[in-house]
6 protein chains.
Amino acid sequence: MFMHNKRLQYTVRVSEPNPRLACMIMEQFGGADGELAAAMRYFTQGLGEDDMGRKDMLLDIATEELSHLEVVGSIVTMLNKGLKAQLAEGQMKEAELYLMVGASGTTAKESILFGGAPALCDSAGVPWTAAYVDSRGEPTVDLRSNIAAEARAKIVYERLINITDDPGVKDALGFLMTREIAHQKSFEKALYAIEHNFPTGKLPGVEKFASMYVNTSQGEGDANGPWNSGDEWDRVDDLEEVMPADGGDGTATVKLAAKDMKVVAKMGERTLSDPASDPTTGADIGAGPGAGRTKNGDMGGAANINEAPAQAEAAARKKTSKAKSR
Amino acid sequence: MFMHNKRLQYTVRVSEPNPRLACMIMEQFGGADGELAAAMRYFTQGLGEDDMGRKDMLLDIATEELSHLEVVGSIVTMLNKGLKAQLAEGQMKEAELYLMVGASGTTAKESILFGGAPALCDSAGVPWTAAYVDSRGEPTVDLRSNIAAEARAKIVYERLINITDDPGVKDALGFLMTREIAHQKSFEKALYAIEHNFPTGKLPGVEKFASMYVNTSQGEGDANGPWNSGDEWDRVDDLEEVMPADGGDGTATVKLAAKDMKVVAKMGERTLSDPASDPTTGADIGAGPGAGRTKNGDMGGAANINEAPAQAEAAARKKTSKAKSR
Amino acid sequence: MFMHNKRLQYTVRVSEPNPRLACMIMEQFGGADGELAAAMRYFTQGLGEDDMGRKDMLLDIATEELSHLEVVGSIVTMLNKGLKAQLAEGQMKEAELYLMVGASGTTAKESILFGGAPALCDSAGVPWTAAYVDSRGEPTVDLRSNIAAEARAKIVYERLINITDDPGVKDALGFLMTREIAHQKSFEKALYAIEHNFPTGKLPGVEKFASMYVNTSQGEGDANGPWNSGDEWDRVDDLEEVMPADGGDGTATVKLAAKDMKVVAKMGERTLSDPASDPTTGADIGAGPGAGRTKNGDMGGAANINEAPAQAEAAARKKTSKAKSR
Amino acid sequence: MFMHNKRLQYTVRVSEPNPRLACMIMEQFGGADGELAAAMRYFTQGLGEDDMGRKDMLLDIATEELSHLEVVGSIVTMLNKGLKAQLAEGQMKEAELYLMVGASGTTAKESILFGGAPALCDSAGVPWTAAYVDSRGEPTVDLRSNIAAEARAKIVYERLINITDDPGVKDALGFLMTREIAHQKSFEKALYAIEHNFPTGKLPGVEKFASMYVNTSQGEGDANGPWNSGDEWDRVDDLEEVMPADGGDGTATVKLAAKDMKVVAKMGERTLSDPASDPTTGADIGAGPGAGRTKNGDMGGAANINEAPAQAEAAARKKTSKAKSR
Amino acid sequence: MFMHNKRLQYTVRVSEPNPRLACMIMEQFGGADGELAAAMRYFTQGLGEDDMGRKDMLLDIATEELSHLEVVGSIVTMLNKGLKAQLAEGQMKEAELYLMVGASGTTAKESILFGGAPALCDSAGVPWTAAYVDSRGEPTVDLRSNIAAEARAKIVYERLINITDDPGVKDALGFLMTREIAHQKSFEKALYAIEHNFPTGKLPGVEKFASMYVNTSQGEGDANGPWNSGDEWDRVDDLEEVMPADGGDGTATVKLAAKDMKVVAKMGERTLSDPASDPTTGADIGAGPGAGRTKNGDMGGAANINEAPAQAEAAARKKTSKAKSR
Amino acid sequence: MFMHNKRLQYTVRVSEPNPRLACMIMEQFGGADGELAAAMRYFTQGLGEDDMGRKDMLLDIATEELSHLEVVGSIVTMLNKGLKAQLAEGQMKEAELYLMVGASGTTAKESILFGGAPALCDSAGVPWTAAYVDSRGEPTVDLRSNIAAEARAKIVYERLINITDDPGVKDALGFLMTREIAHQKSFEKALYAIEHNFPTGKLPGVEKFASMYVNTSQGEGDANGPWNSGDEWDRVDDLEEVMPADGGDGTATVKLAAKDMKVVAKMGERTLSDPASDPTTGADIGAGPGAGRTKNGDMGGAANINEAPAQAEAAARKKTSKAKSR
């Protein structure tokens with residue numbers, strides 16, 4: 001069960017209103033790596049977890065992330081406080097308010113739709129979606145996702161710190177960023193406290209494919225590194241070898257019942273493409289008789305997009321069009 | 001630049017059509033941890049990467065994931081091949097086709113909207129979204145996301161393998177699962193080939209908050225582990241200590257200009273809540289005069305949802321209602 | 001700041017696993033009217049609220065909704081507990097597991113992607129989106145949205161209760177449903193504790209349009225009621241009167257600068273439609289010369305979709321097609 | 001069946017083009033509280049309604065909302081008229097057009113993707129989604145949702161009016177805003193014309209939980225009001241009382257079959273977390289041997305994010321790194 | 001199977017960084033008509049296609065679109081190259097960086113969340129969704145969708161060209177735009193190489209409805225053209241004729257079993273609307289006794305939204321409110 | 001302005017309730033090719049159109065599509081009528097209702113969330129999104145999109161007809177399908193009534209790239225057809241020729257200012273990958289010392305996923321784990 005105290009986990013001291021900065025910081029309120037995503041990632045894992053130690057840790061950190069969500073939302077609220085009242089009370093000139101709400105994009109939505117209150121949208125005004133939550137119900141997998149998520153959240157806070165010069169906001173963002181570092185460390189500990197955590201899950205994989213590196217992108221820029229070279233790797237440079245990687249012919253087949261085969265054939269006939277045809281097409285009609293190689297002519301001299309062929313072409317079109325459309 | 005050969009990276013041998021299994025396997029075609037998500041995660045990172053070694057690796061693996069997308073899509077195509085033709089040609093009785101398309105849910109959408117062709121939806125029919133792609137433009141972050149993503153994809157393949165008894169499908173899924181293991185190893189190597197990769201990014205964090213563990217979830221079930229105990233951690237059990245964690249008062253404040261303060265006050269007055277009032281509400285009206293404690297009465301004896309109080313209550317309502325509505 | 005205790009707000013006693021019921025109950029975990037939507041609706045309002053009484057109430061109820069989210073998630077976890085382990089450990093026959101995961105749709109996604117852990121998706125497997133959260137930063141508006149939201153959540157629980165015969169699940173759902181009733185009452189009180197709460201906001205509206213009822217849907221079934229009849233209403237039955245409702249001509253106009261007008265004219269010429277033309281179209285080509293009134297013929301006698309005209313038609317097509325395509 | 005007349009319900013007189021204002025007004029075209037959401041909310045309810053009076057009202061208002069959608073779309077069209085032609089005909093200098101389309105965000109999308117034509121996106125360029133439509137098939141619920149929706153739409157129009165100084169646009173917005181007031185009144189009448197409309201639905205709820213108020217958020221700022229105090233409420237301040245609210249132990253349990261229990265145990269063993277371990281983690285490796293308390297040291301003096309510790313730290317790293325990576 | 005070469009299909013020469021232009025060009029990277037949508041449209045069709053000629057063409061063009069995705073992503077990367085490094089290394093003053101990232105909207109998200117790396121979002125920052133992919137598994141349908149999609153992509157490139165004055169970017173965009181023209185031609189040829197491609201699919205339609213044109217929108221502006229006039233069309237101007245178009249009564253009916261009919265009646269009674277009532281509503285309470293015609297009075301003289309009636313009205317409210325709220 | 005008559009455009013006669021069929025038919029109510037998508041596609045185009053003839057046609061057809069939306073919604077309503085009442089009144093046994101609502105997936109959502117009323121979701125329960133609407137503000141483009149959209153809608157109706165054996169439903173679906181054919185014909189006429197409609201827009205394209213066909217997918221299955229062969233095409237088989245297609249080197253470059261170059265270099269150093277390293281990774285730690293080639297050993301004999309290596313492997317793990325975790 002959750003409880004709440006109206007004091008924040010970190011004091012928020014904003015120097016002056018700044019609705020545009022508010023919208024940028026909403027990235028950590030309703031964005032992909034924001035605090036709701038973090039809280040919900042660990043909360044859903046915690047509910048589904050049987051191991052008591054991990055369950056406790058997941059609920060500890062999920063709960064703290066909710067408190068962070070509250071801190072971020074409070075920053076947004078303070079940065080918008082003046083705008084919110086002005087917009088609600090309509091005491092300023094329209095043109096001034098228009099400039100204040102930011103004319104279009106996130107700031108407009110944040111003002112017009114949400115009235116300056118904190119909203120679960122990211123810095124572009126896109127609503128939060130649970131598609132961001134990558135809990136998968138297997139601890140050796142989920143802990144890796146958590147480690148990665150904390151790393152992502154850390155870097156987003158770092159970028160926000162880099163662009164903010166309000167010292168109170170910067171200070172609170174610094175706290176939040178640091179907590180992501182601490183959380184990453186906890187999740188790392190929890191991952192490695194599971195003895196065999198790689199490969200994840202239970203099935204070991206097919207041995208010969210587990211150490212194969214396929215050099216799929218070739219040409220200039222091909223490089224070596226510990227990720228594709230050395231004793232651990234069987235590297236494939238000749239791609240024909242993996243077309244296919246097994247001993248088959250690289251096709252896809254299915255055994256169909258006779259009645260299905262007959263209908264498949266029927267469908268094939270109905271939609272048969274005649275490779276020997278040279279059909280007149282809608283584009284041919286649409287281009288007009290003299291319009292060039294679309295059918296069997298030449299596009300003329302007008303084809304450089306950096307010049308201005310439009311008039312000449314239009315003139316050419318004028319001439320030929322009546323003949324055709326009827 | 002991409003090139004293509006019509007042979008697959010792995011031969012697909014499906015024993016018999018199975019449109020329901022097709023829909024489940026679509027999880028790895030158009031799902032959150034599917035091959036498109038993988039390909040696009042590494043492709044976007046590869047484009048933005050300056051380090052030539054990592055760029056090459058990212059494009060190698062992105063390209064291979066596209067080939068896996070093709071293998072998965074080919075499995076889906078084969079499993080649907082009979083259904084697709086039957087639905088297109090309408091040669092079966094309606095009732096039989098109705099059963100074949102699966103009545104509702106993913107299989108219905110896959111049949112009716114997509115005609116049995118592979119579609120970028122997950123196993124519940126939800127369209128793929130780039131919200132699944134968590135590339136963030138910082139290699140120490142992105143490589144951790146890649147490691148986690150490969151771990152996730154591995155476990156999803158494992159589950160599909162666990163529920164599939166078509167040996168050809170199982171075989172191909174085994175190849176795909178194993179490649180995720182190999183890719184995870186490559187990304188791990190690439191991460192640790194960057195000397196200082198933790199904390200991610202550049203800012204070090206505030207020291208005292210980087211080793212603090214806040215025991216936010218308490219009560220029975222509280223547990224210790226390397227993630228919250230030992231020399232590395234400053235553990236906070238008394239939550240008052242972090243309300244707030246800094247030396248402030250845990251409130252959120254902003255310095256407003258005089259004109260904003262005046263309008264904020266105005267807004268406060270306009271929407272003032274009178275705590276001493278006891279207003280009649282819409283619910284009071286809606287419940288009716290004798291409807292119990294909603295306003296000033298008692299809900300009666302009918303309140304157990306497991307019994308059937310509806311009639312008695314309805315009778316009670318009948319009596320009282322005319323007096324009121326007019 | 002949030003705190004947590006690992007005891008639930010209501011004890012969950014599930015009689016036996018039932019993964020399908022679990023998916024249905026996810027409607028209240030990650031669905032439109034589920035507990036996350038409720039918690040986030042009130043939490044975002046609470047953060048943005050200046051009135052101390054309402055702020056306290058909003059945070060009280062937001063926090064309780066998080067505890068309800070936990071109860072619902074715990075029900076889902078229990079209903080899936082067997083499936084989750086079976087899928088993870090792969091100890092059952094594939095065909096049995098295949099049946100257990102439900103073959104396609106939500107149950108498949110819940111099993112294959114989420115491994116049976118609770119996920120923020122609704123009963124169709126659609127991820128939760130903040131588009132469900134309709135907080136707007138004005139209390140007379142938001143409290144009405146809260147009242148409506150509680151009403152919606154109540155009815156969804158009622159439906160779940162109606163289809164559940166596990167007594168422990170039913171009991172917990174009954175608690176949750178009832179709390180929505182209580183919350184609705186709180187929000188009603190808070191709305192009517194604001195003296196003038198209608199019309200919402202500050203602008204009063206244009207008097208003559210505020211009591212006008214436009215009878216836009218006419219014909220049989222036209223009805224009267226207090227919503228369109230009586231002294232309070234100016235009813236418009238002759239729709240010509242409101243084409244337009246003002247004294248104008250019902251068109252849309254803008255004053256353009258000369259240079260814009262010239263270009264608008266130019267665009268008009270370029271894309272001019274010739275109403276007197278009778279062009280041959282792509283459909284004409286595609287239908288073939290004898291294919292009927294598409295161009296200038298007759299569709300033949302085959303047009304009843306309940307019969308089987310396909311063969312005759314195909315024969316007809318055969319004849320005419322060669323003449324045309326080349 | 002729907003019919004249409006090309007005259008608008010309200011004359012639109014725009015003073016001059018303003019593509020940025022156009023994008024803000026799109027909030028009411030393709031936004032959460034826009035006219036499409038309104039029309040579809042009432043239309044879906046109307047189709048499913050059996051009560052002839054309510055059905056007629058719902059279709060009346062749904063149809064009028066479509067006419068409002070047309071008015072809003074016409075405003076957007078007029079505000080964009082110059083831009084649309086300029087962009088299509090490419091007669092201006094690139095740099096001028098670039099400024100005109102607004103560089104990025106909604107205005108860029110509206111120009112580049114939609115060519116200045118009205119699009120069903122909100123003021124941030126997010127496509128409309130039916131997730132905004134909260135019809136639930138129960139009139140006592142739906143009418144409350146409609147009341148709330150009209151209240152929301154009213155306030156959004158009010159904000160748009162507050163920022164617009166084009167008198168023709170302001171005038172049309174004033175009409176639209178006022179109609180929301182009128183529609184709210186109709187829906188209120190229809191709600192209260194149902195005798196017993198609270199609690200919604202049919203099940204009455206569990207009596208003792210229907211008047212309980214849980215004071216979940218405590219600490220400074222706790223407040224009283226008619227929503228939590230007075231005869232109608234049983235207020236819970238000691239939260240232990242509702243951990244849980246029933247007589248149980250606040251845990252979640254399920255009765256598992258023996259074979260499931262065995263596998264659950266197996267899964268527990270496989271993913272067992274060793275609480276007594278002190279494992280070396282990926283973060284430990286990534287931080288380097290001298291990197292401080294991540295493992296067993298001290299973070300050094302560099303931890304103030306407001307200073308510039310990067311160089312010193314980098315130097316420190318240099319020294320220690322070779323030892324480790326091999 | 002896919003292969004890759006690190007050379008691009010077209011050389012990208014960007015004159016100088018321009019993060020705002022980068023975001024606009026993302027429309028063709030992660031937008032509705034962007035290269036990923038194109039690639040996935042043809043790729044999914046190619047996988048499902050049995051006709052060898054069309055399959056080859058679809059995979060040819062799908063593969064080329066992936067190469068275009070790479071070219072567009074490379075343009076975005078180059079335009080962001082300076083910003084990306086500045087943001088990562090934090091060497092500029094916060095206020096300068098703040099201006100560089102663009103304050104809010106797409107540019108903010110592109111900087112803060114994605115760090116300046118190419119992301120699968122459109123020019124408004126909305127993530128790509130497979131909802132853009134309209135493959136339907138029937139070639140006569142899909143080829144038309146492809147033709148339309150190429151037409152759309154062409155015009156979006158044209159608009160980007162019109163606003164770009166960086167010659168290198170313009171040049172690459174010109175190449176990409178032209179390839180859409182070429183691809184449209186290929187798809188047109190493939191469509192018309194199927195002999196009978198209209199109507200699509202197999203069922204011919206009901207003859208009398210296939211040539212009927214319903215003049216649903218009437219009034220001033222009614223126009224004639226080859227789309228509604230001439231021998232091919234049976235035009236309906238009197239809409240009563242198609243209410244309904246069949247010989248029935250235009251209602252919707254279903255035959256219900258007796259037990260269902262009884263419950264339908266029951267539901268009707270429970271939620272019966274009393275058309276003769278004149279209920280007091282929540283809005284009546286909220287407006288206050290003297291607030292005008294909401295219930296039975298007059299709205300006063302304050303109703304012009306362009307004036308400032310708020311104070312007078314507030315005064316009026318003051319007087320009347322105490323009587324009521326208690 | 002829109003008007004409405006409560007008679008339908010086509011009489012709906014449903015033989016008996018069938019909630020599962022209802023959900024399938026929702027594909028055309030709230031699905032990608034459903035009637036709302038059609039109506040909104042033409043409506044948004046109509047609003048933005050200047051050509052009076054096309055504007056009239058677009059509004060005619062948009063309005064008719066709204067009437068079709070009503071017909072489809074009425075079918076859904078009738079198919080659900082019994083279920084809706086049963087669920088609302090709770091008169092059936094829970095277990096029976098549970099079966100009736102369909103247990104999970106669309107039917108569950110349609111029942112539990114929407115109460116059996118028509119909802120703007122597709123056959124998988126995914127909410128409608130304006131991402132389906134591909135209007136682009138250029139008539140030669142939009143008309144092609146309309147043609148394609150009608151073709152898609154036609155085929156979806158055909159599939160629904162193929163699986164439906166309720167004659168009344170089939171009859172109404174036949175009407176709706178046929179109207180799509182008629183609408184496609186109108187849009188074709190309107191497209192070809194514009195004289196030069198190809199290439200779309202105004203810029204002609206770069207001549208040499210407009211007739212180039214790149215044979216990107218090679219290997220067995222390469223095929224010829226009018227889409228890549230013949231006088232109209234310059235076919236490229238040797239892909240080196242188009243790496244790149246221009247005379248450049250196929251790289252992406254940007255000219256950076258000196259200060260940016262310096263920071264780019266700095267970022268490069270900070271995140272430098274050491275290609276000569278052989279780092280120990282998290283996976284190495286996680287696999288355990290004897291776990292095989294992950295680091296420098298062999299995966300053992302357990303690697304065949306079709307066998308059951310789990311126990312042996314677990315035993316192996318037991319042995320080696322203690323040594324390592326500490």
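Backbone N, Cα and C atoms are what each Cβ position is placed from, and that goes for glycine too.
TrEMBL names A:Glu35, A:Glu65, A:His68, A:Glu150 as Mn(2+) ligands; from the candidate set A:His183, A:His196, the record adds A:His183 to that same site. Apart from the site residues A:Glu35, A:Glu65, A:His68, A:Glu150, A:His183, the chain places the Cβ of A:Ala38, A:Ala39, A:Ile61, A:Glu64, A:Ala153, A:Leu176, A:Arg179, A:Glu180 no farther than 8 Å from the centroid of the site's Cβ atoms, the recorded Mn(2+) location. Cβ-based crowding with a 10 Å cutoff singles out A:Glu150 as the top-ranked of the binding-site residues A:Glu35, A:Glu150.
Counting Cβ atoms from all protein chains shown, A:Glu65 (Mn(2+) binding site) has 27 others lying within 10 Å of its own Cβ. Of all Cβ atoms in the protein chains displayed, 28 besides its own lie within 10 Å of the Cβ of A:His68 (Mn(2+) binding site). The Cβ of A:His183 (Mn(2+) binding site) has 27 other Cβ atoms within 10 Å, all protein chains considered.
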